[in-house]
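**Q** Handing you this structure, nothing more for now.
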């Protein structure tokens, strides 16, 4: 029996297929132009078709050795926590500013990676402190201060 | 005469204090990156790209290139001492290098690796000095039809050699081109695929946060999975670094390494010219060749010094070879040179055959800095090898969260925009999922970089040829490039057919 594709591989192939269909539909709303002057819809449409074909091939093709299984147990929890942190982070950055949001991000990621609470806090405050000194103070990078102004 | 005069000009640029410092810092950071398992040169260049915003273009490129070739050497240190290759190009070195270390010859193995890297790196740069200007002059004859073919050729060839399936690679290259089309159309100015609900999209999606997400944030997620998937004993079982009692190789080691170093340099440079990860492929070719040529092939895998010298020479020479298409044609044939190209474009410089004539300080400054950088690497690595080996033992759960901070600052400082941080984080999660599904992100990066060039040259070619696309076959250069594209498409197809036939053979 042919080995089933991993769940992640099927999910990614489906997402790519949806992306291809969305771009293809949107490209058709744009002008395709003429052979003398290709319109702004040509390259996106051709690329979307390529992406769609590749996604279909990935959906129906044989399983390959480089496809991994979703993590389980503690590894899955760690990945989910870090993924949730990085996805929520931009909103936190806009509201609370770089210092607070990034301390929370680093502390959370370090905890998810099994670092005890106190060393994780030290790492977070240290990394953010050095970054603020280096980038905001020394290099004048306007790191966002957020609504709380810090 | 012309080349040497230009090279002297390059040295006058490379030896300026800020460029010397950039070469030193690049080589140092590259070595550290090479030492750290997980964070490869592509990830390091992606994360550090924003640091170069404030530098002038030659200084920025000198630093980024320093990271690239520094990482090639750094990877060998941990390969030899603890059999943990810092990056893929050092896997082969660990076969014999680690065995030499176990026999108490870690010092000579590291010294041979450093010397072979230096000799081959310098020979590679010499070849780059001779080949790149000639190719660039030749490529000045390229018009939009040829540029269109070159861009398409890059998109057709790199995905076939990245290691993941051809369909997956082409799919990601197409996705990269699609992402690059978001925002303003480069020829007509029309804003595409930017709904009003997401205002940040109207100025397009920058490749820097995408690359930092794919290589940096995704790496943090992978580290979380790997680290938490290990048993507690695995985590505490830290590897001991062997003591380095004697560093210098004896006369016999040097004699046995000379041939493999020379052959490795030639193989590395030539393989580096081809699309794909030349610095990885060349190490395998060099190792197999040295084993075939050896009078004691049984020694390979048990501590043969030739098995360290050849692959180390090959991967360093390949670094120079990979810069030839980048500097002469403005086309990246690997993910790392794609990132270097991005570094050039961030400074408003249009890469391509005119780079040498329009920005000689960048072209020749970079080449000259590589001679300097190779010396810096040798001087840096021999005395500091013990320190670098200890860096490799840094726990991933300390390093990974700090990588996130670098990524955030880098993405934000690009345009001082939180939208870029959103792109960074989404790209990170997508990159992790792609990795789990067996996709290699390099074709996506290539698609994002080459996409705009492809689209612009497509429009210009249509206008120049007045819609008569068959006229491309009457232009010798574009016809030749179309022929190469055909080979690029047919090659994987023929391999697939061959595999299909071979699989069916036993059933008969």
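Using the three backbone atoms N, Cα and C, a Cβ is placed for every residue, glycine included.
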**Q** State the residue range annotated as transmembrane segment by TrEMBL; the candidates are A:42-60, A:61-79.
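**A** My reading of TrEMBL: the transmembrane segment range is A:42-60.
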**Q** Give me the DSSP three-state residue breakdown of the domain 'DUF1468' (A:11-144), ordered helix, strand, coil.
**A** 99 helix, 2 strand, 33 coil
**Q** I'd like to know the mean pLDDT over the domain 'DUF1468' (A:11-144).
**A** 91
